[in-house]
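Visitor: What follows is a single structure, and I will ask about it in a moment.
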Amino acid sequence: MTDRLGILVRRLRAQAGLTQEQMAERSGVSVRTIRRLETGKASDHRLGTVNLLADALELGVEDRRQLAAVLAPANPSPIPLQGKANGDSGRHFEPEPEPEPEPVSEVDRMLAGAAAELAREVGRRWQKEEEQRRVHDPFPLPVRWTRAPARLTDHAENIQRLPPGVRPEPMEAAGDLRSVAEAYRGIPSGRLVILGRAGSGKSIMAIRLVLDLLGGSGPYRSRRVPVIFGIGAWDATAVALRDWLVDLLLRDYPHLARRTPAGSTLAAALVDAGLVLPVLDGFDEIAEGLRQEALEALNATSLPLVLTSRAGEYAEAVSAARAPLVWAAGIELAGLAPDDLAAYLSRTARPAAQDGRAPGGGGSEGGEGSEGGEALWDLVLEVLRSGKDPAGGRLAEVLSTPLMIALARTMYSEAPGRDPAELLDAGRFPTASSLEDHLLAGFVPTVYRPRVAERAATGDPDRDRRQDRRDRDRRRTWEPDRARHWLGHLAHHLVRLDRDRHDLAWWQIGESLPRSTRVLTVALVSALCVAVSDWAVVLLVVPITPGEALVQGAVVGPVGGLAFGCFYAVMAAFGGGSFAPSQVRLRLRGRAGGGIGRRPVRTFTDRFAAVVPGGFVMGIGCACAFALQRALYEGRSLTDPALVEPLLINMLVLGLIFSSAAGLVFGLLAALETPLDVGSAATPAGLLSANRATVYRQVLVIVPVLTLAIALGGGLVVRLLAGVLGPLSWKLPEGLVVGAVGGLGGGLSYALCFTAWGQWLIFSRLLLPLTGKLPWKPEDFLDDAYRRGVLRRSGAVYQFRHVRLQHHLGHTYRRRQGNYTPATFPVPPRPADGSSTTTHGP
């Protein structure tokens, strides 16, 4: 029976023109199970499995009878094989799914567990983000879609992956937010392009698609884990798609840094195994000159994916590449109608928000609260419905996208004392663009308007008073004009060489400072760290006067700072001045490193090679400090041969001592590393906190270990070089003093100047607030901006709510800088329907 069933299934699959992989995608049955069934290796067959395969092949009654006869020859009835036959218009039958076979290898088990964990975390994050964006308050806007123009999609035969001569099945022609996941499941290629105007709801639809795919069950549950990637930062000419996906997975889900037995990270293994469905959001945000290369790179792979883009930018890329996204179906989002606005806006105007009145004010009572919302928007909605007033036509055009509706809701429904009838003033707003600019310009002042916060009583009067005082201080500090200025600086920071970035990463905010300022700051901070370390060590263990110790620290500190500053300047010149946050943490107790699974020798050599140059520079600085100190004490000239020759020898010897010690210490740190927890990078604040803890622990390890490595390793290096360079002296007590100064000063300088958290501390929390470009607690400001709806979260980074808001704030900030020449942005072409695509504020 097993051989007959396998032969029959293989013949029916061939008739349908499907591969095993395509049938697995349609049915929800694993490729492994299909292969075992067709080759006769499976002995027991569940009716549910055969039902799924029959539905995937869209078998008729006769073919189902043949399958039933093979399964049960004594009762050749098609009844057990329930489902949807050809021509049946009923809903797809959902039988009990067959559980996936248990993974047999260690790699299979790791990938299955990692995929399940990733799916839970993706669903949790985007569910929270959807709630934060208030998609369901008061109800989701009825975003509708229709089939995209044929010139922007592939042939139906290619989308359905059909063999020659087979007629394609008709595909979904229209739908809404609730049906996009169902439409995607009906695409055999697994490729979909979502097009729409700026602010039309593409990102919201991508989020809903991800949540619906994750929330399915049985054959409706995706085998791949859908993950949203902001594609705007991808440079296809520099990074391959696979590598870019892996890098972003590691950034936003650092627990995937664990290694498989094969040596690759879980992130790479999941991508390579096809267990990740990339949802690439914002193709239009890729730099204009790179879109063609990006589309060609996507066409070079058969990876199932979802791509969102503005229609105009995507059409240009299709024209340049002379092909759309291959095998991809396409849908285009439609604008909202005046009737949609009437149902939505009237319910967003809660009575308490109108004109400062309490619920029921102005004559309303009890359950008549909804009438207040209708009254607020009554005149506007009446004009929009009539369609006769040109001003109403312009406003209807503007309010046809969810973005502009959300801005109008914030400004008028949720802020007291504002009348939306002013939007119909043709004198103030003669064009649709001027209306859009008005809504964009008023958004930040509205959400930062002063308001009285409710007290969250704790039962402790003193604690309540302290909390009230902190709340008042925060409201007084974050005034609308100052908040707009700070947000404008952040938006301007995202523009580089006339190219837009959209990920607002806390570890990159300091890059908005000039390079010279950053180099000088690193030199000063390092000098202070080394000087303080020298004073502390010398005063505690060396029998010299405080005056001598002060002079020694004043010499050693600046020289060490100059060395570190030069090293940082070289790194910055070659693009290495920015440090990404660590994706691991140190475990000082218990079993460490077990989850990483790295090759220890390779890891050690990589770390050793990375820090050797810095250690050598540190040793050179130490030698120069000794020479300068000797010159001051003995009254010698720095060009005296009696100083120059020992200086050159000490530079070599101390450079080798410090570099080998630093390489050894940082190489051994890998033994204590373990990947971050799954929730550590769920938010930017979480990743910042995790990196701060990691740096603290690194310092606790580096300082004592580097001290001993310098003291003990120095004696070994001196013995090895004594035969070449002549008599050298390195006594253990002196070595311990040098090692302590180097370990403490070097460890602190590394923590503050050469880690992501350290640069955040000295640049973003110190320098930028000193210059007025950020508040003194930028992390609180960013989190507050997120809660107010100005920013959104995408894993470990923030993004502005919409790229148009980012452009508006950045443009306004640059216009207010008297000595600044405004940057230029590529302005997208105007859609054929004449809708506005303005990307700048006034």
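Heads up, the Cβ atoms here are built off N, Cα and C, so glycines get one too.
Feature table excerpt (TrEMBL):
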COMPBIAS  358-372  compositional bias 'Gly residues'
COMPBIAS  460-476  compositional bias 'Basic and acidic residues'
DOMAIN    9-64  domain 'HTH cro/C1-type'
DOMAIN    190-286  domain 'NACHT'
REGION    74-104  region 'Disordered'
REGION    352-372  region 'Disordered'
REGION    452-476  region 'Disordered'
REGION    818-842  region 'Disordered'
TRANSMEM  519-542  transmembrane segment
TRANSMEM  562-581  transmembrane segment
TRANSMEM  608-628  transmembrane segment
TRANSMEM  648-672  transmembrane segment
TRANSMEM  699-725  transmembrane segment
TRANSMEM  737-763  transmembrane segment
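Mind mapping these onto the model and telling me what they sit next to?
Guide: Within its own chain, the transmembrane segment (519-542) has Cβ neighbours under 8 Å at 513, 549-550, 552-554, 556-558, 560-565, 568-569, 572, 736-737, 740-741, 744-746, 748-749, 752-753, 762-763, 767, counting only residues six or more beyond its boundaries.
Among residues of the same chain six or more beyond the transmembrane segment (562-581), those with a C-beta under 8 A of the stretch's C-beta atoms are 251, 507-508, 511, 515, 518-520, 522-523, 526-527, 613-614, 617-618, 620-621, 624, 687-688, 690-691, 749, 753-759, 796.
Away from its own ends, the transmembrane segment (648-672) comes close to residues 586-588, 592-593, 596, 598, 600, 603-605, 607-620, 622-624, 626-627, 698, 701-702, 705-706, 709-710, 713-714, 717-718, 721, 725-726, 728, 739, 742, 746 of its chain (Cβ-Cβ under 8 Å, at least six residues beyond either end).
Only residues 6 or more beyond the boundaries of the transmembrane segment (699-725), in the same chain, are considered here, and those with a CB under 8 A from a CB of the stretch are 586, 588, 649, 652-653, 656-658, 660-662, 664-666, 668-669, 672, 732, 735-736, 738-740, 742-744, 746-748, 750-751.
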Visitor: Residues of the same chain, at least six outside the transmembrane segment (608-628), with any C-beta under 8 angstroms of its C-beta?
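Guide: For the transmembrane segment (608-628), the list is 555-556, 559-560, 562-564, 566-567, 638, 643, 646-647, 650-651, 653-664, 666-667, 738, 742, 746, 750, 754.
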Visitor: With DSSP as the yardstick, break the domain 'NACHT' (190-286) down into helix, strand and coil residue counts.
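Guide: Split by secondary structure, the domain 'NACHT' (190-286) comes out as 46 helix, 20 strand, 31 coil.
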Visitor: DSSP-wise, what's the residue breakdown of the domain 'HTH cro/C1-type' (9-64) into helix, strand and coil?
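Guide: Helix, strand, coil within the domain 'HTH cro/C1-type' (9-64): 39 helix, 0 strand, 17 coil.
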Visitor: For the domain 'NACHT' (190-286), what's the model's average pLDDT?
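Guide: Residues in the domain 'NACHT' (190-286) carry a mean pLDDT of 89 in this prediction.
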